[in-house]
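Colleague: Please read through the structure below; I'll follow up with questions.
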């Protein structure tokens, strides 16, 4: 018996992942059908390129998958149904010429959530049968987590694309206050001066610039001096300037 006759028969496997996301069915549909950008964010995707668009509901693309020593490239047929208001959408992707898989089909379902117009339920399912027995073990381990990883990658892609385009909240503009007039500045200055005086008292006055008091200052008679020939003045108050000078002259009679 040959070596390959001892290998186990191909086994069909299937994996399914479901998740509710805060995006509309149409938004998620647009991300899943943007095949040319798969290589930018999808795990293990080494090539993604649309080769032909047959119609609005059908296109063909080249897909490349790489995992450790396993590398696969194949042509895929992609059939689409765009979500409508109140109705879900779908995307079915089928490998046509894979050397490793005799069957490789992945499908997406987008169902709007009742009562939540900005949310939808996504169901992703992958079915495959490995044709090459030598690659069966490695491929089975790889596809055992592919459904969960693909779902997580597409959800993060939606967050990145739609969160970046959402408008940012801005605080309401505050109207500018009118400029104060000159009289306002004067009143503000007087108010501040009175506040400073109330706290620390009036500022000290310089002796050189001290103004003369308006009331007369009483000077003792004993400190008065007289010039010869002058009559003794009456006991009237002298001005402060004369008192500081040390000489008081009586007014002429």
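Positions of Cβ are set from backbone N, Cα and C atoms, glycine also.
Okay, these came from TrEMBL:
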type	residues	note
DOMAIN	21-154	domain 'Coenzyme Q-binding protein COQ10 START'
REGION	229-253	region 'Disordered'
COMPBIAS	234-245	compositional bias 'Low complexity'
Colleague: For the domain 'Coenzyme Q-binding protein COQ10 START' (21-154), DSSP counts of helix, strand and coil?
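Modeller: Result for the domain 'Coenzyme Q-binding protein COQ10 START' (21-154), in helix, strand, coil order: 35 helix, 71 strand, 28 coil.
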Colleague: Can you give the mean pLDDT for the domain 'Coenzyme Q-binding protein COQ10 START' (21-154), rounded to a whole number?
Modeller: 90
